[in-house]
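Encoded as structure tokens, the structure appears first; notes follow it.
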């Protein structure tokens with residue numbers, strides 16, 4: 001009988017501990033972090049592969065070659081974009097962890113309204129700092145989303161030309177890379193529907209795959225923007241709650257101080273009356 005009671009108390013204690021741990025998880029920050037990681041993974045992974053596919057398409061079907069020396073050509077720009085993608089993946093992996101840690105600490109400060117005042121003050125300052133940083137990152141991701149839409153538009157035009165040549169017999173359509181700024185005005189890198197390279201490019205799966213990879217990368221950038229907006233809402237709410245916690249703590253300190261002063265005054269008066277009677 002006693003063993004059953006001890007076992008029940010142990011199970012109850014474990015259940016209460018699990019409930020307490022689950023209650024301390026910042027679910028809003030967790031959802032935003034998952035969305036951020038998913039968006040960054042889609043953008044970085046698909047964007048990297050789409051850039052590699054673009055290099056193959058330019059070299060195979062447009063017959064472009066890398067410029068010797070330190071000349072800044074389209075292939076050098078693509079390599080730079082790949083390094084930027086590596087940096088974005090690493091930076092936002094760390095930033096997501098920092099925001100989750102901030103969410104845990106701020107949630108603990110909010111739940112303990114009567115805790116140490118230094119904890120809530122630190123949480124308030126950290127929340128304000130992350131709000132500013134997240135807002136800047138949101139603007140940056142908006143720019144990345146707008147920039148990613150450019151290759152999607154270019155590949156959509158190319159895909160449309162391929163589709164129109166199959167629907168309209170005898171159509172002679174051309175695509176000049178100079179109109180997209182990929183090559184200089186002096187270079188003529190034009191491919192027309194009557195050429196063999198164009199037909200092979202339209203029949204290959206590489207064009208279709210690269211086009212859809214850029215679309216998924218654009219969707220990933222949009223998901224990162226949504227995650228940044230979600231983080232802004234979470235951080236703003238946490239900052240407001242921590243600010244209220246600070247005010248509550250100040251009020252409690254002033255209230256306890258006044259009560260102590262009143263108690264001291266009453267004690268002093270009681271002693272004076274007692275001395276007067278004696």
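Even glycines carry a Cβ here, placed using N, Cα and C.
Residues annotated as disulfide bond in Swiss-Prot, with similarity to another entry given as evidence: 174-192. Its own atom aside, the Cβ of residue 174 (disulfide bond) has 12 Cβ atoms within 10 angstroms in the protein chains shown. Following the DSSP three-state reduction, the secondary structure of residue 174 (disulfide bond) is strand.
For residue 164 (N-linked glycosylation site), other Cβ atoms within 10 Å of its Cβ number 12. The N-linked glycosylation site annotation in Swiss-Prot covers 164 (among others) and is backed by sequence analysis.
Swiss-Prot lists 208 (among others) with the feature N-linked glycosylation site. In the three-state DSSP reading, residue 208 (N-linked glycosylation site) counts as helix. With a cut-off of 8 Å between CB atoms and residues at least 6 apart in sequence, the same chain places 159 near residue 208 (N-linked glycosylation site), listed in sequence order.
Here Swiss-Prot flags 1 as N-acetylmethionine.
All protein chains shown were included, and the count of other CB atoms within 10 Å of the CB of residue 256 (phosphoserine) stands at 10. Swiss-Prot lists 256 with the feature phosphoserine, giving similarity to another entry as the kind of evidence.
According to Swiss-Prot, the feature phosphothreonine maps to 278, an assignment based on similarity to another entry.
Annotated topological domain 'Cytoplasmic' per Swiss-Prot: 1-22 (among others), in sequence order. Averaged over the topological domain 'Cytoplasmic' (1-22), the predicted model has a pLDDT of 58.
The annotation topological domain 'Extracellular' is assigned in Swiss-Prot to 44-84 (among others) on the grounds of sequence analysis. With DSSP states grouped into helix (H, G, I), strand (E, B) and coil, the topological domain 'Extracellular' (44-84) comes out at 28 helix, 0 strand, 13 coil.
The feature topological domain 'Cytoplasmic' is assigned by Swiss-Prot to 106-127 (among others), with sequence analysis given as support.
Taken from Swiss-Prot, the feature topological domain 'Extracellular' covers 149-213 (among others), and the record attributes it to similarity to another entry.
Annotated topological domain 'Cytoplasmic' per Swiss-Prot: 235-278 (among others), in sequence order.
The annotation transmembrane segment is assigned in Swiss-Prot to 23-43 (among others) on the grounds of sequence analysis.
The transmembrane segment annotation in Swiss-Prot covers 85-105 (among others) and is backed by sequence analysis.
If you look up Swiss-Prot, you'll see 128-148 (among others) marked as transmembrane segment. Among residues of the same chain six or more beyond the transmembrane segment (128-148), those with a C-beta under 8 A of the stretch's C-beta atoms are 43, 47, 95, 98-99, 102, 214, 217-218, 221-222, 224-225, 228-229, 231-232, 235-236, 239.
As annotated by Swiss-Prot, transmembrane segment applies to 214-234 (among others), with the evidence given as sequence analysis.
Beyond the ends of the topological domain 'Extracellular' (44-84), by six or more residues, the same chain brings 148, 151, 177, 182-183, 189, 191, 197-198, 200-201, 206-207, 209-210, 213-214, 216-217, 220 to within a C-beta distance below 8 angstroms of the stretch.
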